[in-house]
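Q: Handing you this structure, nothing more for now.
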Amino acid sequence: MEGLVHYRINPIHATRRQYHSCLVPAFSLLLSKNFTKTPVLFMKGHRSFNSVVASVQPLDASGLGHFDNTLPSKVILQLWRSADAVCFDVDSTVCLDEGIDELAEFCGAGKAVADWTARAMGGSVPFEEALAARLSLFKPSLPQVQEFLETRPPKISPGINELVKKLKAKNTNVYLISGGFRQMINPVASILGIPPENIFANQLLFGSSGEFVGFDVNEPTSRSGGKATAVQKIRKVRGYKALVMIGDGATDLEARKPGGADLFICYAGVQLREAVAVKADWLVFNFADLINSLE
């Protein structure tokens with residue numbers, strides 16, 4: 001199959017590897033303190049990817065009269081139109097699915113992991129607890145992740161490509177902030193033309209034989225409140241005057257706080273999480289609404 005991702009595997013030993021970004025402090029991306037005696041492998045992919053353009057329709061907002069935030073106020077519209085940075089969640093927002101659920105299903109543990117994901121996105125359990133619990137259920141190996149990426153291209157939500165293009169045309173910087181995994185988000189970023197330094201996500205860790213050994217607990221997005229931390233760092237370093245967070249889950253809502261996002265837009269075109277949606281500044285079911293409001 002043409003256009004698939006081909007990976008080079010590099011062994012990383014117990015030496016410190018610096019992440020060169022002005023947005024986050026330097027830390028070891030690939031080794032946690034529990035694995036300092038184990039060589040760890042990571043995946044580095046080329047930047048050409050195919051995607052599946054979604055043919056499904058976003059959820060319909062009809063019959064949801066109990067939400068009073070589906071029509072933005074003038075203040076909300078002005079904030080949206082004047083934003084100089086927009087941060088997107090990835091799973092069930094930029095993409096149609098939850099990446100960890102899809103990987104778990106591929107590895108044979110889909111149902112059990114999906115149940116944990118629903119609890120985590122609803123905010124009923126700490127994110128770090130849910131992440132560790134889900135990974136422990138199927139422990140994906142490096143070969144499994146590679147095969148998954150090669151056989152299941154990203155499923156991009158309808159309208160997201162056009163929205164990102166329109167934002168970039170307005171000189172609005174676009175970021176991907178996810179509790180998912182960098183290995184699975186890099187292809188999405190490549191499709192949308194978002195540079196690697198604008199990705200904040202988790203990192204899977206593998207042993208010298210490709211076996212799963214954990215995830216990097218130093219990534220801010222590996223724990224509850226991590227997206228808020230990432231957004232605050234972005235804003236502090238870049239000095240943005242108006243920043244918007246778009247997503248579907250509790251961890252996205254958390255990003256709206258002093259020094260973080262000014263505006264939280266709940267995208268419910270894939271999953272409607274009512275506890276999150278009711279607290280959003282603006283609830284949308286179709287990216288076309290956001291595209292049209294920029295004109």
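Using N, Cα and C of the backbone, Cβ positions are placed for all residues, glycine too.
For reference, TrEMBL lists these features for the protein:
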type	residues	note
ACT_SITE	ASP89	active site, nucleophile
ACT_SITE	ASP91	active site, proton donor
Q: Return the residues near the residue listed as 'active site, nucleophile', defined as same-chain residues 6+ apart in sequence whose C-beta is under 8 angstroms from its C-beta, sorted by sequence, else 'none'.
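A: Residues satisfying the criterion: ILE177, SER178, LYS227, MET245, ILE246, GLY247, ASP248, GLY249, THR251, ASP252, TYR267.
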Q: Long-range same-chain neighbours of ASP91 (active site, proton donor), Cβ under 8 Å, sequence gap at least 6?
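A: Those within reach of ASP91 (active site, proton donor), by Cβ under 8 Å and sequence separation of 6 or more, are ASP97, GLU98, GLY99, ILE100, SER178, GLY179, GLY180.
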